[in-house]
Structure formats: structure tokens, C-alpha cells
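S.K.: Pulled the feature table from Swiss-Prot, pasting it below:
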ACT_SITE  His699  active site, proton donor
BINDING   Arg16, Glu17, Leu18, Lys19, Lys118, Arg520, Cys521, Trp566, Glu610  5-methyltetrahydropteroyltri-L-glutamate binding site
BINDING   Ile436, Gly437, Ser438, Glu489, Asp604  L-homocysteine binding site
BINDING   Ile436, Gly437, Ser438, Glu489, Asp604  L-methionine binding site
BINDING   His646, Cys648, Glu670, Cys731  Zn(2+) binding site
Amino acid sequence: MTTTHILGYPRIGEKRELKFALEKYWRGEIDQAALKQVGSQIRQKNWALQKEAGLDFVTAGDFAWYDHVLTTTLLLGHVPKRHSHGFPDLDTLFRVGRGQSQNACGCGTGSAASDMTKWFNTNYHYIVPEFSSNDTFNVSWPQLFEEVNEALQAGHDVKPVLLGPISYLYLGKEVEEGFDRLTLLPRLLTAYQAILSKLAKQGVQWVQIDEPILALELEPRWQEAFKLAYQVIRGDVKLLLTTYFDSVLDTLDKIVELPVDGLHVDISAAPAQLETIVNRLPSDWVLSAGVINGRNVWRADLSAILARLQPVKTLLGERLWVASSCSLLHSPVDLDLEGDLSAETRSWFAFAKQKVTEVALLGRALEGDAAAILACDTYSQPIVARKSSHIVNKASVQTRINNITAALAERSAPYIERAHHQAEVLGLPFLPTTTIGSFPQTGEIRTERSAYRQGKLSEQEYVQALKGHIADAVKRQEALGLDVLVHGEAERNDMVEYFAENLAGFQTTQFGWVQSYGSRCVKPAIVVADIEREKPITVEWSTYAQSLTSKQMKGMLTGPVTILCWTFPREDISRQEIAQQLALALRDEVADLQDAGINIIQIDEPAIREGLPLKKRDHQTYLDWAVQAFKISAGSARPETQIHTHMCYSEFNEIIESVAALDADVITIETSRSNMELLKAFEEFNYPNEIGPGVYDIHSPNIPAQAWIEDLLRKAAEKIPAQRLWVNPDCGLKTRNWPEVEAALTNMVNAAKALRAEWQA
């Protein structure tokens, strides 16, 4: 028998039931019992789906109220002291993830949420564990055991999933100086022993223990920690050591020495590792082959996968398991919900529910089931047809791609010359003030957008409504005294989806939601074909806004790499080529904007760093083509057209050369929370172009004082020549309300004016 399973299933519910229940609970509209009932219903449905599809195990422990790393933190009794008030409960978990205001806690100070960061190179976020020297661990949070029991009582064969001890430590951070979190390992392992012992007593036979950091380039001390850890926690349950997102060949020497019972590897992300792993697999281990991609939306080529695995099946027999490459939480829930897709387009996709069916069908085919083998061949036919589809391949796009030259990615003059031209044309003051692009998406804007999409507003009525919001934004900015204005992006629901809806080559969905963190879900567009701009996208809005003011108006574009990173890409061509196609489309938009009289154009690239591959040796190749894509986008700009970009990172050191290579005339960055410390990277590199360090944190409702902003600007001027500084917030203002925005920007503009007077005296 070929054992079939998945590494996890989406926890949000097919129509985001968990999101809505969580938000009702946080607003006080339902109690904990009602919230838990929603969670139970989602789990029961997920398990039933896996069983009905024919999987040998259902996966328990993949459900999380906020984030699975945070769930592990509570399971281990490792709650930060500022959030620990007696025995942990759901509210404890939410305090760690979301923080608590002083009014809610009654303590007069509130408690800050733990940090949140990206889960490897996905668009999912996790709550970062915090470690200090006096930490203890105790198994006090019953969620995992309750859910295992729940699944057992429903008659399922259960395989719990547990984040492994080394990855848990690695993914956290020390909160005291001079302390190494790896020294906590012996204490942590005692807790893991207790967890595995308890699962064994519940009748569990296999535990999926996730150690995704084994796909990274680990320092020797972290590699050595695995052997100690697994010698200690080895007990009465079988352990499936689970890795994903990249190859584990770098750490395979250490892996095969571990006292575990099986290994899961991501064959989808790193297909070349399969043969080596099969040859080196210990004779008593199972191999779980992650061949169904858990991170995409594409139908699997089951016929090709079957052909690849049949020799492995011959070698390993029942020791071969078939699985998803990673948890399916990175995929939308159910393709069956999509009512607006054409039959041809639908045949290209598989969401989480369909991927479960793919795993089960592949397992039956590997057992020699003739009907299943035939079904695999039939299932793969749309993939073959898609390769020659006129919808997918466009000769006009391919011609442009083939004609890309180095000159296409260069401005027509170096920065020093451009800066001179721009100073003459733009006429901006010393320390120019601006914002990053978006203004509040008010309830009125959202209502109008919804009415338009439902056909309750005509296109003409909707356009007029949006123009009213743009005019209001321009009027407010002029009253505030900003130097460079923006139109406010009232027409955009999302900075990526907006461009996906207006570029040929994308497919958007109705219910293609995936979890980002907590209750936040995103609905990435899908790149289905060659990308082309068929008509101008932003020109009408920007030129209308420019017609309302004599001040400079910024055109606002989302950059090619960010659009790529925040969508589901094609897999029949390289990510580099998709980025090039996007860059060419945006290049045309830049040309049209400047021809229409827009002299400043911002090309946002907040995701360039997020797109870095997991292994450092692969970074430069990625950065080279990412930089090229940006420069192709900006390459149509004349010397007098000023190109801005915006990035929000917490770490620039490792990519500062590539940031400089973008050759943007102005870069705006997120720096206020770091007290301008992030500028050190630019100072040490001697960054040559202009910089707008964010002077206040837009994620906080707090209004920054003028003196505080002045102090930040003084610190910035110690690192960057004041003549090259801009004054702006950290990020867009979409999520704030107008009173907050106007109060903060008033102080920001006044701070700039005060320092102009002082420094130019």
C-alpha cells in the first residue's frame, strides 16, 4: 500500500468562516463557546474531506486560531511574561498575537504584541517566539490533544503535526543581550518528551514533526543540535521528520543519522533531490514524497509525477508515501466555489480541496490500479493543451521579451545629470514633503466600490464618485502644505490586485483567499498567460489629480517584482520572465504618465527582499533579475522625470548594493520604528541618490509630535546629507482615518518647515 496524506489543510474555512468568527469575538459580539464551535465545524469538515478523498491519515494540529507557531508557543507554556496572567486561554493567545491596549488590560500601560515576520519565503506570517535565559517550558495548553481526541472520536486515523524543537528555537529571537537561545534546548526537549508521550497514550502511531529549517544553509551548531534533540525526544510514537520549501541535500548527512522513522521532502520545490535521497534513505525509514505543490493553484501533472515515482515505488515498496509538498494553507480552499471561470481556465487549476484528491488518486495509481492510472492520464490532458493555448502565449509579448537588451534597463543619463534636470523642472524646496501614496479607504469608498461591482452604480457614476474622493484628497494635501501630492488611490482595492485586474494575463477569483496571519486573508491574483498592458491604467486618475493643482503630482505604480511575489505565478515559464513581462507593461505606463505631464512617478517595490530564495548562494541570481526588472520599468523615463521607489524592510544590509543598483532618483523607506538606525546601511554604503526616511509609523494611531519628527530628521541628517533628504511617513495611509492623517501630516510638514528655516539660516 502507498500511504497518502497531506501536511496540513487551510484553517480559515471555505468562505473565511474563521476570519469572521474571530473578528466578532474580538468585537465582543460572540463568546468563546461560539468561537470554538466555528473552529470545530471547520476541523470536522476538513477531516471528513480528507477521509472521503481516500487519504490514509487525516492531519490534526494544523488548525490554529491565529498562527501555528503561536499555537506551539502556548503548547509549550512559553508565553511572554507581559501577557501571562494565570492559566493560558484563548485570550492569552490573542494578547500575544495582537497586543492589548491599556484600557483593555486595566494596567495603565497595555502590552505589546510579539513581533510578526514572514514564514520563510511565503506570504504567510508567524508570531516570533521570544527567548530569555530564565525561560521555562511546560505543557499547559491542551489544544493539540483535544483536537487529536476530537478526530479520533470522529473515527479518523490521525497523524498529528507538531513544529519541531530546533525549528521552534531557530525561528524565535533572544530578548536579552548576550544570550544564546540554543542553550534552552535541554529544557525545551523535556516539554517535547511530554508532548510525544501524551500523544502516544492517546493511541497516535505517527507524528509529523516539522523541521523546515533543514532546507536552509544552517550553521554547524544548529545542525549538531538536531542529533541531541532527536536522541532525547525519541519515544513511543513514530516520527516523520518533515521538511519543505527547498532541497535538504546540504543537511542530508546529518538527517540520515537521526533516530526518526521517516523523512518528508519537498519534491515540488526541489525535484533534483529525489534520487539522492532515495539512494541514501536508511533501510527502515519511510520516504514521504511531497509531489503535489501546496503553494500554488495549478493542476498537477499526475501522469508525469506517476512516471517519476514508479521506479521509486519499485525500490521502496510500502516505504513510499505520497503527500502534498507543504501544508495546503498556502493554497485557496476550493475551486468548486469559483462560478465565473471558463471551462478551459478552470481545467488548469487545483485548490486545496482538489489537491487532496490529487494525492489520493496518485496513491491508488502507484498501487497499479488501472482505473486510477487512466484517470491520471485524463487529468493531465488540460496541462498539455494549455502549453499550446492561444490564451496563454502571445507573440507580441514574446517578441518584446526576445528584444530585451542591457540598454533597455538603463536611464538615458546618470543620476548626477538627472538630478540637475529634475531640480530645474520640479522646483522643489529643501527637505521636500510628500506621502507614500494611499489615503484612507473610507467606508464611503468601499460602499461605492461594492455597489459598482454589484451593478448598482454605473461606470460613469462610479468614476464621478472616485473623482470626488481624488479632489478631496488633493484639497486636503494643499491645505496641509505638502510639496509633492498624490491622488490617494481611491480607485484601488489592493495595490497588486488593481494592476492584475487591468493587465491582460491575470485571472482574479471570488473566493481564492489564503491566510496571511490571524484573521487577515489575502486573495492573490493568478498569472495565467503572457502579461500585456492593453491600455493605460493609471493615467486618467493621475492627470485628473494633476489638473486640480499647480503642485507636482506623483504617479503611483506597483513594481514588477512585488506584483510577481504577491500573486500566484505561472510555472511553465521562469519567475524572471514573468518579472520581465510585468516590467515591459509598467514601462509603457511610465512613458504614458510622463507624456501626460506627470513629472514624478513612484514604482513601489516592498517585496523585493521577500522574494529572496532560502539559500544565500541563490540570492545574487535573483537580485540581478529583480533589479533588471525594476530598471526596465523605469527605463522609459526621461532625465527630467523623477523616479521614486518605496520599500518597507527591517534589514537592508544584505541587499544594499542591489537597492543602489535600482538607480531610483528617490527611495522612501520605513525607518521610524528603528529610530533611524536603518539608515546606517545607506550611510556605510555611501548611498548616492536621494532618500526619504519614514518619520512616523503609520501602523500606529498615535500622532507623532513635531519635536519628535524634528529629532528623527536630525538623526537622519547625521547619516545622509540633508540636501538629499525627503520628509515622508513610513508607508501608505490607507488604513488610517482622516483626522489621524491630517494631525500627523500637519506635524510632519511643520517639522520640515522648522528645519528648513534653521538649516538654511
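Here the Cβ of each residue, glycine as well, is placed from N, Cα and C on the backbone.
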S.K.: Counting every protein chain present, what is the number of Cβ atoms, excluding its own, within 10 Å of the Cβ of His646 (Zn(2+) binding site)?
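M.R.: Step by step: centre on the Cβ of His646 (Zn(2+) binding site), count other Cβ atoms within 10 Å, giving 27.
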S.K.: Within 10 Å of the Cβ of Arg16 (5-methyltetrahydropteroyltri-L-glutamate binding site), how many other Cβ atoms are there?
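M.R.: The Cβ of Arg16 (5-methyltetrahydropteroyltri-L-glutamate binding site) has 19 Cβ neighbours within 10 Å.
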S.K.: Roughly how many angstrom lie between the C-alpha atoms of Ile436 (L-homocysteine binding site) and Leu18 (5-methyltetrahydropteroyltri-L-glutamate binding site)?
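M.R.: Rounded to a whole number, the Cα-Cα distance is 33 Å.
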S.K.: If you measure from the Cα of Cys521 (5-methyltetrahydropteroyltri-L-glutamate binding site), which of the recorded positions Gly437, Asp604, His699 is the nearest?
M.R.: His699
S.K.: Which one is it: of the recorded positions Gly437, Glu489, His699, whose Cα lies the shortest distance from the Cα of Arg16 (5-methyltetrahydropteroyltri-L-glutamate binding site)?
M.R.: His699
S.K.: Quick one: Cα separation, the residue listed as 'active site, proton donor' versus Cys731 (Zn(2+) binding site), in Å?
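M.R.: If we compare the Cα positions of the residue listed as 'active site, proton donor' and Cys731 (Zn(2+) binding site), the gap is 8 Å.
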S.K.: Over all shown protein chains, what is the count of other CB atoms within 10 A of the CB belonging to Ile436 (L-homocysteine binding site)?
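M.R.: Here the count is 25.
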S.K.: What Cα-Cα separation, expressed in whole Å, is found between His646 (Zn(2+) binding site) and Gly437 (L-homocysteine binding site)?
M.R.: 10
S.K.: Just going by other Cβ atoms within 10 Å, which of the binding-site residues Leu18, Cys521, Cys648, Cys731 has the emptiest spot?
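M.R.: Checked Leu18, Cys521, Cys648, Cys731; of these binding-site residues, fewest Cβ neighbours within 10 Å: Cys521.
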S.K.: So which binding-site residues are near Cys731 (Zn(2+) binding site), with CA atoms within 10 Å, out of Ser438, Glu489, Glu610?
M.R.: Ser438
S.K.: Rounded to an integer, what is the Cα-Cα distance in Å between Gly437 (L-homocysteine binding site) and Lys118 (5-methyltetrahydropteroyltri-L-glutamate binding site)?
M.R.: 24
S.K.: Have a look at the binding-site residues Ser438, Glu489, Asp604, Cys648 and say which one has the shortest Cα distance to Glu610 (5-methyltetrahydropteroyltri-L-glutamate binding site).
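M.R.: Its closest listed neighbour, by Cα, is Cys648.
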S.K.: If one measures from the C-alpha of Cys648 (Zn(2+) binding site) to the C-alpha of Asp604 (L-homocysteine binding site), what distance in angstrom results, rounded to a whole number?
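M.R.: With the alpha carbons as reference points, the distance is 10 Å.
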S.K.: Whole number in angstrom, please: the longest C-alpha to C-alpha distance across Ile436, Gly437, Ser438, Glu489, Asp604 for L-homocysteine.
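M.R.: Across Ile436, Gly437, Ser438, Glu489, Asp604, the two farthest Cα atoms sit 13 Å apart.
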S.K.: Quick check: which same-chain residues outside His646, Cys648, Glu670, Cys731 lie with their CB within 8 A of the centre of the Zn(2+) site CB atoms?
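M.R.: Here the nearby residues are Ile436, Pro606, Met647, Thr668, Ile669, Gly694, Asp730, Gly732.
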